[in-house]
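Listed in Swiss-Prot:
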- 2-179: region 'Interaction with HIP2' (REGION)
- SER2: N-acetylserine (MOD_RES)
- 51-91: zinc finger (ZN_FING)
- LYS112: ubiquitin cross-link (CROSSLNK)
- 157-206: region 'Disordered' (REGION)
- 176-191: compositional bias 'Polar residues' (COMPBIAS)
- LYS249: SUMO2 cross-link (CROSSLNK)
- LYS323: SUMO2 cross-link (CROSSLNK)
Amino acid sequence: MSQAVQTNGTQPLSKTWELSLYELQRTPQEAITDGLEIVVSPRSLHSELMCPICLDMLKNTMTTKECLHRFCADCIITALRSGNKECPTCRKKLVSKRSLRPDPNFDALISKIYPSRDEYEAHQERVLARINKHNNQQALSHSIEEGLKIQAMNRLQRGKKQQIENGSGAEDNGDSSHCSNASTHSNQEAGPSNKRTKTSDDSGLELDNNNAAVAIDPVMDGASEIELVFRPHPTLMEKDDSAQTRYIKTSGNATVDHLSKYLAVRLALEELRSKGESNQMNLDTASEKQYTIYIATASGQFTVLNGSFSLELVSEKYWKVNKPMELYYAPTKEHK
């Protein structure tokens, strides 16, 4: 095929197009006139309806005037504003937004293929909001846990430093080695008279004269942690007892006996401190007092816990509530 073009000059210019074998053999497709429907899976069209930038379905489609590639309006405008002013697909130069034109026909085609797209996008937004909320809560709880650990370490270091400066402190007790190291969360009352005074024994158990919270031992990190609210028994404890509510966080593998031994040592040490004594022999003698651990049942009764029960077993058997487990203590009857 050739074409001659006459110009103002003396010689005509001619162009010749060489057709390939495919172009020579091809025939136009016949139009469908009998109502035949061809079923095409929407999944097979996904690559054609996908924005190359956000990899999601095209929304408010914009087409480049130069290379005819399609993008979401927000995606391509953001790319031109922050990128190299070129097509993200073929790298052809795009000067500005004037190199783009809206493509409402393509949007209409997408809405025809996916008539429930608004519902899909609303569902997608709800899922993303739920994921973001969950991640934010996880980040917050992780930050709080890390902060509490750092505070516990700082308290422990201050206690040891104070012990070194004073030249005195309680020694490690063999029975209390099963108890958790201290991480104090005290309910401190207002007023200068309630300032906390802290001491620390060699095992790292931090003590103060206010409400105490105990953290899990590092060697027990693999076990699940359980939070406890430890209160004196409302009827078996005498009114003049100086017992206080204690907040404890320890391993689920710890047993009721561990709590009883910890309580005996802790109360004995506080009693000696109130009397101005710090002799280890006096501490061993005073800590021989035994305590019984109780839990309140749904009927309002107090059940004595077996000393061999782990705290995890107690929680599964008696508590079954997603909040700190409430336990009660009182001196064992034969020691009263």
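Positions of Cβ are set from backbone N, Cα and C atoms, glycine also.
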Neighbouring C-beta atoms (10 Å sphere around the C-beta of LYS249 (SUMO2 cross-link)): 18
Within-chain partners of the zinc finger (51-91) [C-beta distance under 8 Å, separation at least 6 from its ends]: 97, 99-104, 106-107, 110, 114, 117
Cα-Cα distance linking LYS249 (SUMO2 cross-link) and LYS112 (ubiquitin cross-link), given in Å to the nearest integer: 59
Where LYS112 (ubiquitin cross-link) sits in the secondary structure, as DSSP reduces it to three classes: helix
Count of other CB atoms lying within 10 Å of the CB belonging to LYS323 (SUMO2 cross-link): 8
Three-state secondary structure, which DSSP defines for LYS323 (SUMO2 cross-link): coil
Mean of pLDDT values spanning the region 'Interaction with HIP2' (2-179): 80
